[in-house]
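A.B. asks: Relevant sequence annotations retrieved from Swiss-Prot are reproduced here:
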type: REGION; residues: 449-524; note: region 'Type E motif'
type: REGION; residues: 525-555; note: region 'Type E(+) motif'
type: REGION; residues: 556-650; note: region 'Type DYW motif'
type: REPEAT; residues: 43-77; note: repeat 'PPR 1'
type: REPEAT; residues: 78-112; note: repeat 'PPR 2'
type: REPEAT; residues: 114-139; note: repeat 'PPR 3'
type: REPEAT; residues: 140-174; note: repeat 'PPR 4'
type: REPEAT; residues: 175-209; note: repeat 'PPR 5'
type: REPEAT; residues: 210-240; note: repeat 'PPR 6'
type: REPEAT; residues: 241-275; note: repeat 'PPR 7'
type: REPEAT; residues: 276-310; note: repeat 'PPR 8'
type: REPEAT; residues: 311-341; note: repeat 'PPR 9'
type: REPEAT; residues: 342-372; note: repeat 'PPR 10'
type: REPEAT; residues: 378-413; note: repeat 'PPR 11'
type: REPEAT; residues: 414-444; note: repeat 'PPR 12'
């Protein structure tokens, strides 16, 4: 049987642009380009898939070659093609070329301006972004969103909210992206009232169930200290996605609830939501705050498993976490295994060395950063260096670095830099010079810098200056309990009990409560916490009995309790009994009781360790042949064989 020509089924003709786009999306670029060559002069839309492919593959050279081909083909002035080119150049980091394309366009539309505004915002050039915005004859909602988001991203919150009000006044209805930005703006301004006003728009425009809007709304409440209100918003969401979980976790971190952060992280994983780099940065920070190394290591392993451990922000958080848990070696290992270079990462490692009193290592790392890398040295690096010098007794080197920061690098010292210099001089006993710097510096003082000097007065027993500094502090904050305690310590050291009584009476009259000293350590995933005179532990009787025997052993080795640090006028026996009850001693005693023989001990204390406990830990490290790491309110102390890493310079 013969078939007629008309009965043969012909293949359907496929539009070249569609065929090329399909091939590009599948990665078949060679076949796509062959199709492209056959139809190169027929349709401008044929170029679009290739431009998008260059953007996706991060191939700027190929994109530029394609741009040249467009010029030769006579399509380089087509506004749609130009928009794609601008987008490509902007996303691939060649923004000047995007601006050049925009400048040569004969006809522009709102998309052209939107791309340019977004590019300027990405480059941090808000002046030119606003110029393009103001010159636009016709603005769409996306244009307003881009400009508002840009202003708020760079913390021009008032300007961003003002632009939102202008937009709304012109009759534009906000969408989820608009409201997400303005909630961030009100969070940045720490204005609950503005945020609550904007909250009304979510209901008015039917966006009360939108995930983006609710996450931003919750962030606004939490950033303003309204943690419960933020949690209510998150719980009302029909679905809790990654952004919502991160908002909840970050909100608790910002409000000083690290234990809740770790609980929420656990619940997030149980829900099946996979963490990202933002999650890891936040939960590692909470591990740092609590100094719980075991959980930090577990989270590190989870970050490795999903490929987030090499992300710069995560590496910096790992360095900080291990450092604050007393594991400087692990922090250095995380730093050495980095895959990318970043100023924040280097500054984190310099800070870690400083926190552990290893000033020489911090300076060496800074010199390597300055001489062997292309990274910019910033004020933060110098701040960490000055801190390292102040905690290592490197007075002259610290002052030299301060001068270098100003004269060689041209940085204007901030209040924190001056505070480090005051600490540097104060610890070295140069109290008059430290006070002179505070009184002559060109910026306004705060309570921290005066407390730093008061602490130095305590170290060097300068009661006259301490009284003078205390008066300055009272003008700033008359309710800071630490300052009263420091002044009382100075008087107690000089056995000026009447002055001590006056300080204590002043605290009672003003209802100033002394912050309780708390010490803790982690063992097998459990945190054991102690406070001064704590008898709430199930083994309190055994702990005090163990401490009594340990104190006798220490005395046989030459230990003499530093009763001068007791702020009460009582007999020596009572003072010694008082010293035994310090939280860090209770913690180290229980750690010695339950940890395996020879295992290192890591203890955290929320306040500065007292001089007696510092001496006692030296003796304990010898008697029990243990390495003891103590993190107090200002630094780390590593006790090995009767010596402390701080060199008694603390």
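Each residue, glycine too, has its Cβ placed from N, Cα and C.
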A.B. asks: Find the average pLDDT over the repeat 'PPR 2' (78-112) in the predicted model and report it.
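C.D. replies: In the predicted model, the repeat 'PPR 2' (78-112) has a mean pLDDT of 88.
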A.B. asks: Same chain only, please: residues at least 6 beyond the ends of the repeat 'PPR 6' (210-240) with a C-beta under 8 Å from a C-beta of the stretch. Say none if there are none.
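C.D. replies: Residues packing against the repeat 'PPR 6' (210-240) from afar: 176-177, 179-181, 183-184, 186-188, 190-192, 195, 199, 202, 247-248, 250-252, 254-255, 257, 271, 273.
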A.B. asks: Could you name the stretch, out of 78-112, 311-341, 342-372, 378-413, with the greatest number of CB pairs under 8 A to the repeat 'PPR 4' (140-174)?
C.D. replies: 78-112
A.B. asks: Going along the chain, which residues at least six beyond the ends of the repeat 'PPR 3' (114-139) come within the CB cut-off of under 8 Å?
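C.D. replies: Same-chain contacts beyond the flanks: 83, 86-87, 90, 95, 98-99, 102, 146-147, 149-151, 153-154, 156.
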A.B. asks: What are the helix, strand and coil residue counts for the repeat 'PPR 5' (175-209) according to DSSP?
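C.D. replies: Counting residues per DSSP class in the repeat 'PPR 5' (175-209), I get 26 helix, 0 strand, 9 coil.
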A.B. asks: Using a Cβ cut-off of under 8 Å, list the residues of the same chain at least 6 residues beyond the repeat 'PPR 5' (175-209) that approach it.
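C.D. replies: Apart from its flanks, the repeat 'PPR 5' (175-209) reaches 141, 144-145, 148-149, 151-152, 155, 157-158, 160-161, 164, 167, 215-217, 219-221, 223-224, 226, 237-238.
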A.B. asks: For a three-state summary based on DSSP, what are the helix, strand and coil counts in the repeat 'PPR 10' (342-372)?
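C.D. replies: The composition, in the requested order, is 27 helix, 0 strand, 4 coil.
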A.B. asks: Using DSSP, what's the helix, strand and coil tally for the repeat 'PPR 9' (311-341)?
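C.D. replies: Split by secondary structure, the repeat 'PPR 9' (311-341) comes out as 22 helix, 0 strand, 9 coil.
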